[in-house]
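Enquirer: Next up is a structure, given as structure tokens.
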């Protein structure tokens, strides 16, 4: 008799299907974190990047994505291995995952502002975008990104009995934070965050575009900054796929009810993991300075210098 396992879709997967899904997600996670690890190794082994706010913010994005991918993989694997997790433990895992998810668009907005200052106010850039202020902004990103999750916890404490936190449930956001107040909080904060980020990206893009057209000394830098901010918009669109995932799931399941589990798994990969795979490729590999140091760091790592006796 074939064994079966609980899946996040609420049905029982056969062993082969569960094994395939877990191996696919783990493989995606390993590939993404290997690429991110290479970028982080390049950053930390080259001091030239440590005093540049642009690269510090980019590494914050990479670290955030690595944490998010790790928790996506962990939660999915645990949904098969231990489908009913203690609610208190589950809330901690969800809070970390939710925080990193909210951090990504906020980080993109701050990165766009940094490019805007560098192009439109080049003389003030070293004074405004200092290393200490960059780390303060990173701390603010994490605090602001954590607010919706802590509001969900407070709502749950108010409307659920204390015994709820010692029960076992399948560990995903909608199943733990399941009241209408949690839904309203999630809906409102998503709209608020997205409006702020989109307004920031649009404003900085057009200001940089006008500055690039007016510039006579360095129009190339202005055009590069335009492309960078435009790529931030592309990355944000990829991040927003997770917000429309429920609509995609419902529509596809209505059309293909027999493939419910496959649909949910595929949309999970496309909306949650694929954007994190594209992120380092969009930013890291198009930056010639970073690419040069990355090649040098990898060559030194694979071919260490042997000191003579």
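Placement of Cβ uses the backbone N, Cα and C atoms for every residue, glycine included.
From a predicted model like this one, the values you see are computed outputs, not experimental measurements.
Annotated domain 'G-protein coupled receptors family 1 profile' per TrEMBL: 35-283, in sequence order. The transmembrane segment annotation in TrEMBL covers 20-44, 56-78, 135-159, 187-206, 227-256, 262-285.
How buried are these features, and what lies next to them?
Expert: Confidence annotation: the domain 'G-protein coupled receptors family 1 profile' (35-283) carries a mean pLDDT of 85 in the model.
Packing against the transmembrane segment (187-206) from elsewhere in the chain are residues 102, 105-106, 108-109, 112-113, 115-116, 147-148, 151, 226, 229-230, 232-233, 236, 240, 243: each is 6 or more residues past its ends and has a CB under 8 Å from a CB in it.
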